[in-house]
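**Q** So TrEMBL has the following annotated:
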type: DOMAIN; residues: 81-100; note: domain 'Helix-hairpin-helix DNA-binding motif class 1'
type: DOMAIN; residues: 114-133; note: domain 'Helix-hairpin-helix DNA-binding motif class 1'
type: DOMAIN; residues: 178-197; note: domain 'Helix-hairpin-helix DNA-binding motif class 1'
type: BINDING; residues: 358, 359, 360, 361, 362; note: ATP binding site
């Protein structure tokens, strides 16, 4: 490993990922050397110490740097360049300072700052500018060197320095775990690595409290709960923190739990928890503060709407006449339950419409919109239709004839403030908000939307409560209905057109716990089952089916055919299916892709790949569950662009982990999306995931055709099994308390 000190001569190339190529003039050498590596916020004239490996590139020596450390300048020329970059110090003043103090200037400024006034024209104002500039430069470079020694990515330097200033090193040495709260992108694992290097004891209360808080958030993400029982949290935190030696004691973890509650990073609350067998138990549950506040905010804002919005009441004949007129205009006939749903939405500030496929939710929404136009003279701008994903928004737009938006787009994220334009302090302008696919809205997304609905406006939530709960924490739609604080219409009748669909009929059978009889062949069926004896043969059959079904339905396999699966692992799981289908559908482009490590696997993200975004990211304007196609990959700068249909989003390397291949998706992940044809493995190797809610959700993702591949026994097992997941939430308690 070579170590060379010199002056930066010319910056040849740099990018916003922190990569730089420059030439430097090494000390005691007449020849320049080209260096490439991580950018250290360099400027021409800087003194740097570079450590790396010399290699030949196009016939010339080039240094591939492992580290680039800026140094305080020690020569007159380097010092001159350094001074000229400080605010308020021009070339003439730099010349005067160097002429008077020489290379001792930095030492004088730090130890005897009053002596700076010995230079003609250098008064208190100029002295303050120089000292402030020096502190910034020296402080910044000190933290750069410090973090490099800890192995921290250079991208965090600016953010940390902005948060802590010149005292950053002391603050990190004192409590590196504070970084988790103060710096975006740094979590407990990173902070803990720093803590170990700077000598924080394994049983430090700061470390334990941070680990407990991290474990709480992770448990919520993994279980879908918005709060975790104290015992379960203690167990998870002990497993996380106990990897140190000697191990952290249970009593120390209990003290850490008390600490995060006392410091309002979490809230302890008793809630009723419903178990699959119908048993309801009161449990003490700890909620991370952001989820506690989101659930409380949902309840509080729903109550605000209920107190400020006036429905059409006391004129039942007017409502009946309105619905009759609307039916005639849209050429639809509503049954009594559907009519009641429309009346309920017109008569109440907040209402819910829930039902499975084929039960008429779309007809109700279309009738409601017509009534709003006719009776209340609503214009298109008074109506906001929204859904969690772009595809779901597109569907409701096509059926209603009105524009529809993703929730993120409707709320208009503003990068300058790092938040949505429309929120609790700046409401949406719509007089009615109709939110489709409400079963897939997690607690945070539901809060973002509901807080932004204006007082005096109506809110109608539409969805299928029998589907799986949201991927993110919470079971918002279920809790809203179960609380009995909001009027709800539950649709059960399957209508004539839907009854002709085997997909709809079989989905409802499985939801009732019944197993369909596939021994009777139905002509023109839209539901097929192919028996295959092993996971290997299931994977092989699915790969063969994708192009065949795309041809059969005359659709693009990218958008028109979706493979879904209950689990991530196993031969018929998401990981294996994705790799096989990627090779089949996009193999020619893999050499143009970028290699990344995800879920302990090496994969390639290539142009043309189908991908899914996996987190709610306000800054990017993308929600968990949105799918798109990679349209551009820059392998040198480690960037890629994804077309989500309604937007093209650029991802840098740090954000690649928010993407996953989506040729195959888990059933949980495909909530809210549909495809012309859905293909799903049915295998006993997924036995722990076999339940009616999961299969019901999976089958109802298909619009024109569903193909199950595997064993009928797995389908039967799913139909017989109630979902055993228990989600602990506080929303019902909040709804009943406001």
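Just so it is clear, glycine is given a Cβ too, placed from its N, Cα and C backbone atoms.
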**Q** Most Cβ neighbours within 10 Å: which of the binding-site residues 359, 362 is it?
**A** 359
**Q** By DSSP, what is the split of the domain 'Helix-hairpin-helix DNA-binding motif class 1' (114-133) into helix, strand and coil residues?
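**A** DSSP composition of the domain 'Helix-hairpin-helix DNA-binding motif class 1' (114-133): 15 helix, 0 strand, 5 coil.
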**Q** Based on DSSP, name the secondary structure state of residue 362 (ATP binding site): helix, strand or coil.
**A** helix
**Q** When the domain 'Helix-hairpin-helix DNA-binding motif class 1' (178-197) is classified with DSSP, how many of its residues are helical, how many are strand and how many are coil?
**A** 15 helix, 0 strand, 5 coil
**Q** Looking only at the domain 'Helix-hairpin-helix DNA-binding motif class 1' (81-100), report the model's average pLDDT.
**A** 80
**Q** Return the count of C-beta atoms lying within 10 angstroms of the C-beta of residue 360 (ATP binding site), excluding that atom itself.
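**A** The answer is 23.
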**Q** Going by DSSP assignments with H, G and I as helix and E and B as strand, what are the residue counts for the domain 'Helix-hairpin-helix DNA-binding motif class 1' (81-100)?
**A** 14 helix, 0 strand, 6 coil
**Q** State the count of C-beta atoms found within 10 angstroms of the C-beta of residue 361 (ATP binding site), not counting that atom itself.
**A** 22
**Q** Across all chains shown, how many C-beta atoms besides its own are within 10 angstroms of the C-beta of residue 358 (ATP binding site)?
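**A** For residue 358 (ATP binding site), the 10 Å Cβ neighbour count is 23.
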